[in-house]
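In what follows, a single structure is set out as C-alpha cells and then discussed.
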Amino acid sequence: MPTVDDVLEQVGEFGWFQKQAFLLLCLISASLAPIYVGIVFLGFTPGHYCQNPGVAELSQRCGWSQAEELNYTVPGLGPSDEASFLSQCMRYEVDWNQSTLDCVDPLSSLVANRSQLPLGPCEHGWVYDTPGSSIVTEFNLVCGDAWKVDLFQSCVNLGFFLGSLVVGYIADRFGRKLCLLVTTLVTSVSGVLTAVAPDYTSMLLFRLLQGMVSKGSWVSGYTLITEFVGSGYRRTTAILYQMAFTVGLVGLAGVAYAIPDWRWLQLAVSLPTFLFLLYYWFVPESPRWLLSQKRTTRAVRIMEQIAQKNGKVPPADLKMLCLEEDASEKRSPSFADLFRTPNLRKHTVILMYLWFSCAVLYQGLIMHVGATGANLYLDFFYSSLVEFPAAFIILVTIDRIGRIYPIAASNLVTGAACLLMIFIPHELHWLNVTLACLGRMGATIVLQMVCLVNAELYPTFIRNLGMMVCSALCDLGGIFTPFMVFRLMEVWQALPLILFGVLGLTAGAMTLLLPETKGVALPETIEEAENLGRRKSKAKENTIYLQVQTGKSSST
C-alpha cells in the first residue's frame, strides 16, 4: 500500500500546489515578527524629563530655547545634556510661577548652589522628546514603572509557553487546518484589542492572549507545509519558511518608520492578518493528519486535487493510501525517559541550555539595538538583513560540515561579538552595529539549527516530548530577557553584553559535548540514542535519514 511520500513522488513533491501553499503560509510566518519583537517600536523609550507647572510659561516669557529651558529647570544634566536618573525622574521642588524668578539662571535667586535645592519625584507627568507615541509615552512607563515595559514583552513569551501546552494538542486532535484558522482568528482579534486597550492592565491581558495563540498559528503553518511537500524538499522548505519571518522583520522596520504612533502601528500589523481566514478555501487539511484519523476518503480526495493542480496523473492504487506506521511509537513516553541514561541526561541538559541561551541572545540583541541604537529604524533594519545570509550558511553547511561545529562556532562568534562591543566607543557606531549584526547572525543560525539537532538526538517514542520540553526553555528565556536587558542597563549599559557574552561562549563550549548527527540514522530506541557518537547504526539508515531531513519538530 502506498504512503503519502510514495504518492508525492508521482504527483509532485514540490509542484504548483505546494508552491502556492508555501507562499500563502509564508505570510503567516512573516506576520509573527511584529508580535515577537514589536516591543522595539511599541515600547520605545524616548528622552524624557519631569513636567513642571509654570515652566512652559516662564520659558515663553523669557524666550528660552529648549536647551536653555532644560539647563535652567532640569536637575542632573551632564556636560553634553546627557540623560541621567536625576534628569529623567526627579525635579526641583520649586514654584516656577513665582514672579521673582529671573530669566538668566532663575535658580540663582533662590540658592547659591543648585545642589542645595530639594528634589522630588515627577508628580505632574513627563515631557517626552518624540513626535510619535509608544506605550511608554502613553502610560508613563518610565522611572519607577519602567519594569512594566519588560512585563509587556514577557507576557508574549509567557503566552508562547502556555499556548504550546494546548495548541499542539488541538492540532493533533482537531487538525492542522482548523488549528491554523482558529489561532489566526484569535491572534487577529487580540491584536486589534491590544491596539484599542484603554489601560495598561487590559493591554497586558490582550498581549498575553495574543502570545498564547500566535505561535500556534506559526507552528500550524510550519507543520502544514512540511507535510504537503515530499521528503526531499522538507528541510529546505522549513528553512525558507523561517526566512519568511525575517522578511517580516525587515518589513516591520519600514512600517514602524511610516507609522510612529503605537496604536496605529499595532492596527497596521493586526488588521491584515484577518485575510488569513480566507485560507479556509485555499489551503486543504494535511493528508497525513487525515490518515492518522482514519479519514482515508478525504485524504485520497486531497491527494487527487494535488495531482490535478500539479498536472500529474494520480497512481492507480491511490485509494489504498496509508500512513506509515512506526511500532516504536506505541510505547508511552514519560518525562523521566529524557534523563534515563547518562548520555540522554547530558543531551537533555545541554539542549535545554542551548534553547534558553539562543532565545536570550536572539531577543536580547534585538532589544539592545532598540535601546542603544543611534537610528532605531536603520539599526533594526540592518541587523534583520543578516538573517538572510544566516539561512544561506545553514543550507550550505548542514550536510557538508554537519550540525555541531556550525552551532558551536555560531555561539562562540555571538558571545565574542557581545564582549567586543563593550570596548567599542560610541563614536564608532558603525563598528558597534557591525558587531551586533555578527552576533545576531550567529544567534539566528543557532536558533534554526538547534531545532534539527534536538529531533535527531532522541529515540522515536520520546522525540516529540524531548522537543516540547527542551524548546520550552526558549519561551522561558524569552520571559526573562526583557528584564535582563533593560534592568541591567540601568545598572551599567554594558552589563547585558557581558551576560550575553558568557551565555554565548558557554553554549559554544557545551555544544561540542554533543555527538555529530550528520548522516547518522535517527535513533529508534533509548539504547541507540545512548550510543550516538560511539558507533553508527546501519539499520534503516537510508529510510530514516530522510526523516532526519524533515525536521520532525514540525509536528510539535
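Backbone N, Cα and C define each Cβ position, glycine as well.
The feature transmembrane segment is assigned by Swiss-Prot to 22-42 (among others), with sequence analysis given as support.
Annotation comment: Swiss-Prot describes 43-150 (among others) as topological domain 'Extracellular', evidence class sequence analysis.
The number of other CB atoms found within 10 A of the CB of N71 (N-linked glycosylation site), across every protein chain shown, is 13. The feature N-linked glycosylation site is assigned by Swiss-Prot to N71.
The transmembrane segment annotation in Swiss-Prot covers 151-171 (among others).
Among the features that Swiss-Prot reports, transmembrane segment is placed at 178-198 (among others).
The list of residues near the topological domain 'Extracellular' (199-211) in space but at least 6 beyond its ends in sequence, with Cβ under 8 angstroms from a Cβ of it, reads 35, 135, 139, 141, 148, 151-152, 155-160, 162-163, 186-187, 190-191, 193. What Swiss-Prot records for 199-211 (among others) is topological domain 'Extracellular', and it gives sequence analysis as the kind of evidence.
Outside the transmembrane segment (212-231), and at least 6 residues removed from its termini, the chain residues within Cβ reach (under 8 Å) are 4-5, 8-9, 12-14, 17-18, 21-22, 25, 28-29, 32, 35, 159-160, 162-164, 166-168, 170-171, 176-177, 179-180, 182-184, 186-187, 190, 237-238, 241, 245, 276, 283, 286-289, 306, 546-547, 549-551, 554-556. The transmembrane segment feature in Swiss-Prot is assigned to 212-231 (among others).
Annotation source Swiss-Prot lists transmembrane segment at 239-259 (among others), citing sequence analysis.
Sequence annotations record features per position, and here Swiss-Prot assigns topological domain 'Extracellular' to 260-263 (among others). On the 0 to 100 pLDDT scale, the model's mean across the topological domain 'Extracellular' (260-263) is 95.
Through the fold, the transmembrane segment (264-284) approaches residues 20-21, 24-25, 27-28, 31, 34, 38, 41-42, 177, 180-181, 184-185, 187-188, 191-192, 194-195, 217, 224, 252, 255-256, 302, 305 of its own chain, all at least 6 residues removed from its boundaries and within a Cβ separation under 8 Å. The feature transmembrane segment is assigned by Swiss-Prot to 264-284 (among others).
Taking DSSP states H, G and I as helix and E and B as strand, the motif 'Proline-rich sequence' (284-288) has 2 helix, 0 strand, 3 coil. The motif 'Proline-rich sequence' annotation in Swiss-Prot covers 284-288.
Other Cβ atoms within 10 Å of the Cβ of S334 (phosphoserine) number 11 in total over all chains. Annotated phosphoserine per Swiss-Prot: S334, in sequence order.
Annotation source Swiss-Prot lists transmembrane segment at 349-369 (among others), citing sequence analysis.
Residues or ranges marked as topological domain 'Extracellular' by Swiss-Prot: 370-377 (among others).
Remote same-chain residues near the transmembrane segment (378-398) are listed as 40, 235-236, 239-240, 242-243, 246, 249-250, 252-254, 256, 365-366, 369-370, 406, 433, 436-438, 440-442, 444-445, 448-449, 452, 518 (criterion: CB distance under 8 Å, separation of at least six residues from the stretch ends). The transmembrane segment annotation in Swiss-Prot covers 378-398 (among others).
As annotated by Swiss-Prot, transmembrane segment applies to 404-424 (among others), with the evidence given as sequence analysis.
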Residues of the parent chain within Cβ reach of the topological domain 'Extracellular' (425-429), under 8 Å, 6 or more residues beyond its termini: 374
In contact by Cβ distance (the transmembrane segment (22-42), the transmembrane segment (349-369); 3 or more pairs under 8 Å): yes
Paired segments the transmembrane segment (22-42) and the transmembrane segment (404-424) in contact, 3+ CB pairs under 8 A: no
Euclidean distance between Cα atoms of S334 (phosphoserine) and N71 (N-linked glycosylation site), Å: 65
For the topological domain 'Extracellular' (370-377), residues assigned helix / strand / coil by DSSP: 5 helix, 0 strand, 3 coil
Any contact, the transmembrane segment (494-514) to the transmembrane segment (430-452), with at least 3 Cβ pairs under 8 A: yes
DSSP-derived helix, strand and coil totals, residue by residue, for the topological domain 'Extracellular' (43-150): 40 helix, 13 strand, 55 coil
